[in-house]
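Annotation comment: Swiss-Prot describes Tyr127 as active site, proton donor/acceptor, evidence class similarity to another entry. According to Swiss-Prot, the feature NADH binding site maps to Gly11, Gln12, Leu13, Asp38, Ile39, Ala62, Tyr63, Thr64, Tyr127, Lys131, an assignment based on similarity to another entry. Residues annotated as NADPH binding site in Swiss-Prot, with similarity to another entry given as evidence: Gln12, Leu13, Asp38, Ile39, Ala62, Tyr63, Thr64, Tyr127, Lys131. Taken from Swiss-Prot, the feature dTDP-beta-L-rhamnose binding site covers Thr103, Asp104, Trp152.
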Amino acid sequence: MARLLITGAGGQLGRSLAKLLVDNGRYEVLALDFSELDITNKDMVFSIIDSFKPNVIINAAAYTSVDQAELEVSSAYSVNVRGVQYLAEAAIRHNSAILHVSTDYVFDGYKSGKYKETDIIHPLCVYGKSKAEGERLLLTLSPKSIILRTSWTFGEYGNNFVKTMLRLAKNRDILGVVADQIGGPTYSGDIASVLIQIAEKIIVGETVKYGIYHFTGEPCVSWYDFAIAIFDEAVAQKVLENVPLVNAITTADYPTLAKRPANSCLDLTKIQQAFGIQPSDWQRALKNIRAYAE
């Protein structure tokens, strides 16, 4: 039986991965959270991978606190760069493939159209810079690596924009939401499904072109538009009785420690052509909004 190792299994994406793989039942799955596998601990990484000898490693472990990373630079780089290095070095010993999750924040957002995998990266913040360096290192070290860039992740688990909006709606009459940043909201369950589909192709020996791929939800919208859609669905499904007045504001109106790209829209042509994978439908995923409110 093929063996899959999931890192970061306690996080938003990791929990989605673990659930899908347990339901799948076709693989021997080792899903480890931070307490069980700290990817910044080289000895721990090598010990677990040497013992389990996974066919595929899905790395869902990451430092994702975008603003906090500006204050904790070394912590962000430790997880997003050094941790990735240790995984790659251990994987090489067993010819394990690595599927690694990255971010739209490797781009500066100045492009007018959607970003392709071949576009030059230019991150604006520490988080984006650390993820970009992790990408570079992984591609350098591991010939059997796939990097999946995604954006604006939401789902049942962890902290995300949908959960934040539903929480704020309970005690706010008015909300200001940024309208001059656009991107593709992406359901974490769909990201997990895509990673598993790719892992399965590797396991059965299909010819897979390793490298960078983009996968997000469509259509691209602003945070403001996404918030409106969330509240519309919440009211329709009686998750909320009343919703706040939502005002469109600019990035300048809502200063943050980390600078974010104005355009996070990613081109999905490559993954569609290579794997037949279609975009995530975030509007469909919002139909499950009751689960995000719990």
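Backbone N, Cα and C atoms are what each Cβ position is placed from, and that goes for glycine too.
Everything Swiss-Prot records as a feature, shown here on the structure.
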{"residue": "Gly11", "record": "NADH binding site", "Cβ within 10 Å": "21"}
{"residue": "Gln12", "record": "NADPH binding site", "Cβ within 10 Å": "22"}
{"residue": "Leu13", "record": "NADH binding site", "Cβ within 10 Å": "28"}
{"residue": "Ile39", "record": "NADH binding site", "Cβ within 10 Å": "25"}
{"residue": "Ala62", "record": "NADPH binding site", "Cβ within 10 Å": "25"}
{"residue": "Tyr63", "record": "NADH binding site", "Cβ within 10 Å": "22"}
{"residue": "Thr103", "record": "dTDP-beta-L-rhamnose binding site", "Cβ within 10 Å": "27"}
{"residue": "Tyr127", "record": "active site, proton donor/acceptor", "Cβ within 10 Å": "26"}
{"residue": "Lys131", "record": "NADPH binding site", "Cβ within 10 Å": "30"}
{"residue": "Trp152", "record": "dTDP-beta-L-rhamnose binding site", "Cβ within 10 Å": "24"}
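In three-state terms derived from DSSP, Lys131 (NADPH binding site) belongs to a helical segment.
The binding residues for NADPH are recorded as Gln12, Leu13, Asp38, Ile39, Ala62, Tyr63, Thr64, Tyr127, Lys131; their greatest pairwise CA distance is 19 Å. Thr64 (NADPH binding site) has its Cα within 10 Å of the Cα of none of the binding-site residues Leu13, Asp104, Trp152. Close to Tyr63 (NADH binding site), meaning Cα to Cα within 10 A, are the following recorded positions out of Asp38, Thr103, Asp104, Tyr127, Lys131: Tyr127, Lys131.
Fewest Cβ neighbours within 10 Å among the binding-site residues Asp38, Asp104: this applies to Asp38. Residue pair Lys131 (NADPH binding site) / Thr103 (dTDP-beta-L-rhamnose binding site) shows a Cα separation of 7 Å. The separation of Asp104 (dTDP-beta-L-rhamnose binding site) from the residue listed as 'active site, proton donor/acceptor', Cα to Cα, is 11 Å. Look at Thr103 (dTDP-beta-L-rhamnose binding site): DSSP puts it in a strand. Proximity to Gln12 (NADPH binding site), judged by a C-alpha distance within 10 Å, picks out none of the binding-site residues Ile39, Thr103, Asp104, Trp152. Cα proximity to Ala62 (NADPH binding site) (within 10 Å) is found for the following binding-site residues from Gly11, Ile39, Asp104, Trp152: Gly11, Ile39. Close to the recorded dTDP-beta-L-rhamnose site, the chain also has Tyr105, Arg149, Thr150, Ser151, Thr153, Gly183, Gly184, Thr186, Thr216, Ser264, Leu266: residues not among Thr103, Asp104, Trp152 whose Cβ is within 8 Å of the site's Cβ mean position. All protein chains included, Thr64 (NADPH binding site) registers 22 other Cβ atoms within 10 Å of its own Cβ.
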